[in-house]
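Annotated features, as they stand in TrEMBL:
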type: DOMAIN; residues: 78-199; note: domain 'Phenylalanyl-tRNA synthetase'
type: DOMAIN; residues: 244-300; note: domain 'Phenylalanyl-tRNA synthetase'
């Protein structure tokens, strides 16, 4: 059983990119936990020729799906989140240090590993299929994404790496990266922005070990999907994961913004979590969304 959250965006998705009921949103200096190295900006990309695009040392054939522009290609590989003392780097380090300090594994090492150098070029399968996003979903449109070709694209969210990281055996991790959406530029939108994502998987023992008389509680059942849980999860398990998820994220936001923070939770929908929530904080008298999160779809974990 797993929980997922996404935060740290420097721009929002366009309100017109997704159907009203669907919001595909996002929801980590090199550390000893990093899985790969960042790509230097001078090795980022060359201008596309008539038939191929060269990007991050690889060549991609163009087809009728290719729509990435030279301007966007010039942004790939800048890795602002890994540039020491850059504001994005400072936020990343603040979040990373918080998790390292407060969440310790059984061997006394940090529970969460951090990945901030994963390639922004992903497959369509990684970006959509692995997250249970239907083939006819509006978020796949060429008008909303940067495609290198029919099979490869610039990631639209850090969730594109979720399946691979879980499949590698990880059960708690943070992933940071630049993401790309075809947005009209204004004071809250830019085609390149950044996300940080967290995932944690729970075993039955981990979830119920501190619960009085928790030996008889179970993660799974053969039930029915409701507005509050998936058909395969027990209500007890969902409530505990939801409580843990919201507690972790409230502590994190208090760490970033300070004590006295006003927080509220809003029910929402994501294709890859259920139930799903957005956290809003009160900023200058208005409620502002800072992250999306939820209980990961068990089908995704099982796959």
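Glycine is treated like the rest: Cβ placed from N, Cα and C.
Curation does not apply to TrEMBL; its annotations are automatic.
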* For the domain 'Phenylalanyl-tRNA synthetase' (78-199), what is the mean per-residue pLDDT, to the nearest integer? -> 96
* Structure fact -> Grouping DSSP H, G, I as helix and E, B as strand, the residues of the domain 'Phenylalanyl-tRNA synthetase' (244-300) number 17 helix, 30 strand, 10 coil
